[in-house]
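K.L.:
Okay, here's the structure, questions in a sec.
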Amino acid sequence: RIGRLVTRAAFTSGKVDIVAINDPFIDLNYMVYMFQYDSTHGKFKGTVKAENGKLVINGKAITIFQERDPTNIKWGDAGAEYVVESTGVFTTMEKAGAHLKGGAKRVIISAPSADAPMFVMGVNHDKYDNSLKIVSNASCTTTCLAPLAKVIHDNFGIVKGLMTTVHAITATQKTVDGPSGKLWRDGRGAAQNIIPASTGAAKAVGKVIPELNGKLTGMAFRVPTPNVSVVDLTCRLEKAAKYEDIKKVVKQASEGPLKGILGYTEDQVVSCDFKSDSHSSTFDAGAGIALNDNFVKLISWYDNEFGYSNRV
């Protein structure tokens, strides 16, 4: 799913040239159908067709591979330099490194990784070193939380914090109750329940903002909505600040260094208003509250599919 939406984002922005796609599970005609029609984001606004064994999007012919083993994909022959690894399976340096054997020069893992360096755009992307061949783009929740946490920490200091993400359904969940390994709750029907779940998103912020390492943790509630999630960051501030001061610095960041990554709104918004929004995170000024000048609850929305795909 993220692979398809990264492709949509690439054709929408025009910043990236898609030359090849690997999908061993569906044939070319099915690829056309799945790319063209999307239950959440609507029909693709351009043209898409199958022609001469290639997927043709907006007139651009894309080479198709159907390999289960990434070492067999001839990325180099197709002219691919950067590979987006979005299967959710090959997320370690060793496994993702298989793409390099086929001629790719770099691999971006669209998930958290146990050992690959992790980067969040707008937060620690400037630490990227050109010698790195394999990197992780973290998770959608980390890419929402980290820019907000950075702005707050840079201006007021975060002593400690707890994050809750109210998260839309994703493909790992069950349509009806079913077995789910050791995570029994995760196996309950996604459309019927609010499901408490674990997330490493808050702890991962400590990897991209080292000063916050050990200061944040969090959990998730999976809720029966198809897309768009929201982060609640409740934190203690080092430096006292009125809620108006917080709004001011977030707004400034959204118009300056984090423009396009961190959004800001004072409107009376709800989750559907962020469908297909390309920001990593949009601060909801009207939804947050302060207990006092050192203890605040901050709310930020994200399209967990499309916002994340635009950062990839």
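The backbone N, Cα and C atoms fix where each Cβ goes, and this holds for glycine too.
Pasting the relevant annotations from Swiss-Prot:
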- Cys140: active site, nucleophile (ACT_SITE)
- Arg1, Ile2, Asp23, Arg68, Ser110, Asn304: NAD(+) binding site (BINDING)
- Ser139, Cys140, Thr141, Thr170, Thr199, Gly200, Arg222: D-glyceraldehyde 3-phosphate binding site (BINDING)
- Lys174: SUMO2 cross-link (CROSSLNK)
- Asn52: deamidated asparagine (MOD_RES)
- Lys54: N6,N6-dimethyllysine (MOD_RES)
- Thr63: phosphothreonine (MOD_RES)
- Asn137: deamidated asparagine (MOD_RES)
- Ser139: phosphoserine (MOD_RES)
- Lys182: N6-malonyllysine (MOD_RES)
- Lys182: N6,N6-dimethyllysine (MOD_RES)
- Lys203: N6-malonyllysine (MOD_RES)
- Lys207: N6-acetyllysine (MOD_RES)
- Asn213: deamidated asparagine (MOD_RES)
- Lys242: N6-acetyllysine (MOD_RES)
- Ser300: phosphoserine (MOD_RES)
- 233-238: motif '[IL]-x-C-x-x-[DE] motif' (MOTIF)
- His167: site 'Activates thiol group during catalysis' (SITE)
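On this model, are these features tucked inside or out on the surface, and what's nearby?
P.N.:
Of all the Cβ atoms in the protein chains shown, 28 others lie within 10 Å of the Cβ of Cys140 (active site, nucleophile).
Applying an 8 A CB threshold to same-chain residues 6+ apart, the list for Ile2 (NAD(+) binding site) reads Val84, Ser86, Ser110, Glu305, Tyr308, Ser309, Val312.
Taken residue by residue with DSSP, Thr170 (D-glyceraldehyde 3-phosphate binding site) is part of neither helix nor strand, so it is coil.
Sequence-distant neighbours of Asn52 (deamidated asparagine): residues of the same chain at least 6 apart with a C-beta under 8 Å from its C-beta are Ala61.
In the three-state DSSP reading, Lys54 (N6,N6-dimethyllysine) counts as strand.
Proximity of Thr63 (phosphothreonine) to non-local residues of its own chain (separation of 6 or more, Cβ distance below 8 Å) is seen for Val19, Ala20, Ile21, Lys54, Ala78, given in sequence order. Reduced to three states, the DSSP call for Thr63 (phosphothreonine) is strand.
Sequence-distant neighbours of Asn137 (deamidated asparagine) (same chain, 6+ residues apart, CB-CB distance under 8 A): Ile108, Ile109, Ser110, Ala111, Met118, Phe119, Val120, Thr143, Tyr308, Arg311, Val312. Mapped onto three states, the DSSP output places Asn137 (deamidated asparagine) in coil.
Just so you know, the Cβ of Ser139 (D-glyceraldehyde 3-phosphate binding site) picks up 21 other Cβ atoms within 10 Å once every protein chain is counted.
Spatially close to Lys182 (N6-malonyllysine) yet at least six residues away along the chain is no residue at all, judged by Cβ distances under 8 angstroms.
Lys182 (N6-malonyllysine) falls outside any helix or strand according to DSSP and counts as coil.
Within 10 Å of the C-beta of Lys203 (N6-malonyllysine) we count 18 further C-beta atoms, all protein chains included. DSSP classifies Lys203 (N6-malonyllysine) as helix under the three-state reduction.
Counting only same-chain residues six or more apart in sequence, the Cβ atoms lying under 8 angstroms from the Cβ of Lys207 (N6-acetyllysine) belong to Met118, Asn213.
Mapped onto three states, the DSSP output places Asn213 (deamidated asparagine) in coil.
Listed in sequence order, the residues of the same chain lying 6 or more apart from Lys242 (N6-acetyllysine) and placing their CB within less than 8 Å of its CB are Ala290, Asp293.
According to DSSP, Ser300 (phosphoserine) is assigned to a strand segment. Cβ-based neighbour count (10 Å, all protein chains) for Ser300 (phosphoserine) stands at 28.
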K.L.:
Residues other than Ser139, Cys140, Thr141, Thr170, Thr199, Gly200, Arg222 within 8 Å, Cβ to Cβ centroid, of the D-glyceraldehyde 3-phosphate site?
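P.N.:
Those within range, site residues removed, are Thr142, Thr165, His167, Ala201, Ala220, Ser229, Asn304.
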K.L.:
Looking at the recorded positions Thr141, Thr170, Gly200, Lys203, whose Cα is closest in space to that of Asp23 (NAD(+) binding site)?
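P.N.:
Closest by Cα distance to Asp23 (NAD(+) binding site) among the recorded positions Thr141, Thr170, Gly200, Lys203: Thr170.
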K.L.:
For Lys174 (SUMO2 cross-link), write down the residues of its own chain that are at least 6 apart in sequence and whose Cβ falls under 8 Å from its Cβ; none is a fine answer.
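P.N.:
Sequence-distant Cβ neighbours: Ser180, Asp186, Gly187, Arg188, Gly189, Ala190.
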K.L.:
Where does Ile2 (NAD(+) binding site) sit in DSSP terms: helix, strand, or coil?
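P.N.:
SS state of Ile2 (NAD(+) binding site) = helix.
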